[in-house]
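Taken from TrEMBL as is:
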- A:86-299: domain 'ABC transmembrane type-1' (DOMAIN)
- A:27-54: transmembrane segment (TRANSMEM)
- A:90-111: transmembrane segment (TRANSMEM)
- A:123-141: transmembrane segment (TRANSMEM)
- A:171-195: transmembrane segment (TRANSMEM)
- A:216-235: transmembrane segment (TRANSMEM)
- A:241-267: transmembrane segment (TRANSMEM)
- A:279-301: transmembrane segment (TRANSMEM)
Amino acid sequence: MKGSEALETTTIKKKSKINKERRKQYIAAYVFLLPWLIGFLGLILGPMISSLYLSFTRFDLLSTPEWIGLANFQEMFQDDRWIASAKVTLTFVFVAVPTQLVAALLVAVLLNKKMMGVGFYRTTYYLPSLLGGSVAIAILWKNLFEIDGLINQVLAFFNIQGQGWISHPDYALGTIIILATWQFGASMVIFLAGLKQIPKELYEAAAVDGGTKPQVFFRITLPLLSPVIFFNLVIELIKSIQVFTSAFIISEGTGGPINSTLFYTLYLYQKGFTQFEMGYASAMAWILVFVLGVMTLLIFFSSKYWVHYEDGGKL
Amino acid sequence: MKKWYLFLVLAFLTALVVACSSDSASEDEEDTGSEDTTETESNDTENDEEASDKEEVTLRVAWWGGQERHDRTLQVIEMYEEENPHVTIEAEYSGFDGYFDKLNTQLAAGNAPDVIQFGGNLNDFVARDVILPLDDYVGNEIDTSLHGESMLESATFNDQLFGITLGTTAWGLLLNETAFEEAGISMPSKEWTWEDFKELTPQLTENLDGTYGTGDFGEDGFGVFLSQTDKFTYLDGEIGFEAEDVKEWFNLWKELRESGGAAIPEVQVSATQTPEQSLIVQRDVAIESVASNQLGAYTGATEDEFELYPYPSNTETGKNGVSLRPSQYFAAYKDTEHPEEAAKFMDYFVNNIEATEVLGNDRGAPVNSDVRKNLIDQATELDEAVYSYIDLVSETSDAPYVPNLPGYNENTQLFTETEQIIYYEQQSVDEASEEYYEELLSNIEKYEVEEE
C-alpha cells in the first residue's frame with residue numbers, strides 16, 4: 001500500500017512539474033506575441049469597434065457623431081450609386097476570380113514540366129503579382145489602354161480602329177479585370193507547390209493503365225489539387241472584393257465613366273473622405289464584412305462536396 | 001481549450017495595460033493642469049519668450065499646384081524664414097488630386113496645417129467650423145487696406161473675414177494659335193458669339209489631324225453660360241436657374257459634338273486638370289476653358305503659342321458672362337497654435353513687394369493694388385497677356401462673382417457624371433438634365449442643413 005501511495009505522489013509531482021514548465025513556455029510565447037497583440041488591439045480591433053459604433057451615426061469627421069440608428073443601412077438600399085458600386089464589385093469578383101484561377105492553374109501545369117529555363121519562366125510569370133497592387137502598374141495600364149495608348153497603336157497596325165478602352169463605360173471595367181487576371185502569379189506559385197505534392201505513383205499507375213491526358217488531369221491532378229484550389233479561391237475572393245488601388249488610379253478617384261468602375265471600396269472612400277459621410281462609409285464597410293463573411297462561409301460549406309483530402313481530411 | 005482560455009486572458013490583460021497606460025497619461029496632464037503654480041510658471045516663461053520676440057515657431061503651410069507654383073512658393077518661404085529666423089516653415093504641397101482628401105483626414109485627426117490654401121470651396125470649410133476668423137488680425141498682423149473690395153467680400157461669411165485672397169482670375173478660353181495657323185484659320189475676334197464658335201470649331205476639327213476643335217467647357221463653363229443671361233447657379237441661399245437652362249447647355253454641346261466641333265466622348269472623358277496632361281497641351285483639342293492665371297502653366301508645358309479669349313457671347317444679350325473671381329485663398333486652421341504668426345506669414349505672402357515679385361501671376365493678378373502696379377511695371381510678355389485679359393474682362397463684363405455650390409466635391413462629380421451619361425447616350429439630354437437638377441437641389445438642401 002505504502003509503495004503505491006508513494007508512486008502516486010511522485011506522478012502528481014511530475015505532472016505539476018510538467019505543467020509549470022508548460023506554463024512558463026506559454027508565458028514566453030505570449031510575451032513574444034505581445035507586440036503583435038498590442039498592434040492587433042490598437043490598430044485593428046479598436047478601430048473596428050469604433051467603426052461599428054460610427055455605422056449607426058451621422059458623422060462628418062469633425063462634429064460629434066449623432067446616433068441615427070439603422071438609417072445609414074436603410075439609405076443604402078435606395079442609393080443608386082451604392083447599388084451600382086455593389087454591382088461593379090460583384091461583377092469583378094465573379095469574373096476576375098475564376099479567370100485568374102484558371103490562368104494560374106494552366107500556367108502552373110505548364111511550368112510544372114521539366115524543361116530548359118523553367119526557373120526563368122516561373123519568375124517572369126510571378127513578377128506581375130509582385131508589382132500588382134502598385135500605383136505604377138495602374139498608371140502603366142492607363143497608358144496602355146488610353147485612346148492613343150499602346151494597345152490601340154498595335155491595333156492600328158492591323159488596321160483595326162481601337163476604342164478609348166478606359167474612357168468608355170462598356171469597356172473600362174474589362175481593362176481592370178484584365179489587369180487583375182494578369183496578376184495570377186501568387187496563386188500560380190501555390191498551385192505549383194500543390195502539383196509537386198501529388199504522388200508520382202498515381203501518374204505512373206495511370207500511364208500503365210493507359211489513361212489519356214485529359215483523364216489524368218481531371219481524374220488525378222484536379223481532385224488532388226482541390227485543397228489548394230479551395231485555399232486560392234478563398235484568398236482571391238477576399239482580395240478581389242476589396243480591390244481599390246487600380247480603380248482609384250485609373251479613374252482618378254471618380255469611379256467613372258458613369259460609375260462603371262465605381263468599386264465598392266472606392267465609393268466607400270468617396271463617401272468617407274470627399275463627402276464627409278463617415279457614418280455612412282462605416283456602415284458600408286460593415287455590410288462588406290458581412291457579405292464577405294457569408295461568401296467565405298458558403299465556400300467552406302460547399303468544400304465538403306468538392307474538396308478531396310488524400311488523408312480523408314484528418315490532419 | 002486551455003490555450004484559448006489563456007489567449008483570451010492575455011488579450012484582456014494587454015487591453016488593460018494599454019487602457020491603463022493611456023489613462024495615466026491623461027491623468028498626468030490633468031495633474032499638471034490642476035497645479036496652478038506650475039501652470040502660471042509655464043505661462044510666464046512663454047510670455048518672456050514672446051517679449052524677447054524669439055519664441056521658436058514652426059508653421060505648417062499647405063497648398064496644391066504645378067511645379068512652377070511649388071518652386072515659387074518654396075522660394076518665398078525661404079525668404080520669409082531668412083527675415084524671421086525664429087520661424088521654421090514646413091511646406092506640405094502636392095498636385096490638386098487628393099489634396100482635399102488629405103486635408104479632410106488631417107482636419108478630422110486635429111492636426112491640419114496652420115496655413116491652408118483653399119479654392120472656391122472655402123465656404124464648405126467655413127461651414128464646418130474649421131477656419132480661423134481673421135478679423136482680430138486685420139489692421140494688426142494683416143494689412144488689407146489695399147486689397148480689392150470684392151475679393152475681401154468673397155472671403156467674408158456672416159460678416160467675418162476667413163481668408164486672404166491670393167489673386168484675381170477669370171474663366172477664359174485658351175486658343176492654340178499654332179494649331180489655328182496649321183489649320184489655315186484666322187484667329188476670331190474677341191467679341192465673338194456662340195454662332196461664330198459653332199461655325200469655327202468643326203472647321204478646326206476638319207483641317208487638323210487628330211485634333212478636335214474644342215474640349216467641353218464643363219461645370220465652370222455652365223456657370224459662365226448662365227451669367228450671359230443674368231442667371232446664376234447659387235447665390236445667397238437661392239438657386240438661380242431652371243432645369244431648362246441645363247438642357248440648353250447640354251444640347252449646345254450635343255450639337256457641337258454632332259457637327260464634329262467638340263471632342264468625341266472617349267477623348268473628353270480622359271481630360272485632366274493638370275496642365276501638362278491637359279487636352280490642349282496634348283493637342284487633342286485646339287480650344288479649352290481655363291482660369292486666366294493658368295496661362296503661364298499651360299504655355300510652359302508646350303511649344304505651342306496660346307492666347308486667352310473671353311467666352312463667346314450670347315447673341316441676344318451680347319454678354320460674355322465672364323467675371324473676375326478670386327483664384328485661391330490662404331486661410332488659417334481654427335486650432336492653430338500660432339495664429340499671429342500664421343497671419344504674419346499670410347500678410348507677407350500678399351503684401352510684400354519682393355515676395356509678390358517672386359510669386360508673380362501664378363495664383364492670379366495680385367489683389368493688393370500697389371503690388372499689382374509694381375508687377376505690371378515689370379511684367380513679362382506672358383504676364384502682360386494675363387493682365388490685359390483681366391482688363392478686358394472688367395471692361396466688357398458686368399457679371400457678378402458667383403461662389404461655388406455648397407457641397408462642391410459631390411456636385412462637381414454629379415455634373416461630370418451627367419455629362420458622361422449624355423456622351424454615351426444612356427439617357428436623353430432632357431432626362432439626364434432633369435435628374436441632374438433634381439439631385440442638385442437635394443444635395444444643396446443637405447449641405448444647407450448641415451451648414452445651419
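Backbone N, Cα and C define each Cβ position, glycine as well.
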Q) Given pairs 6 or more apart, does the transmembrane segment (A:216-235) have at least three Cβ pairs under 8 Å with the transmembrane segment (A:279-301)? A) yes
Q. Taking residues 6+ outside the transmembrane segment (A:241-267), which of them lie with a CB under 8 Å of any CB in it?
A. 81-82, 84-86, 88-89, 92-93, 133-135, 137-139, 141-142, 166-170, 172-173, 175-176, 179-180, 274, 284, 288, 291-292, 295
Q: Compare A:27-54, A:90-111, A:123-141, A:171-195 by their Cβ pairs under 8 Å to the transmembrane segment (A:279-301) and return the stretch that comes out on top.
A: A:27-54
Q. Where else in the chain does the transmembrane segment (A:123-141) make close Cβ contacts, counting only residues six or more beyond its ends and a cut-off under 8 Å?
A. 107, 111, 175-176, 179, 182-186, 188-189, 245-246, 248-250
Q. Taking a Cβ cut-off under 8 Å, which residues six or more beyond the ends of the transmembrane segment (A:90-111) line up next to it in the same chain?
A. 118, 121-122, 125, 173, 176-177, 180-181, 183-185, 187-189, 191-192, 195, 217, 221, 225, 229, 232-233, 236-237, 240-241, 243, 263
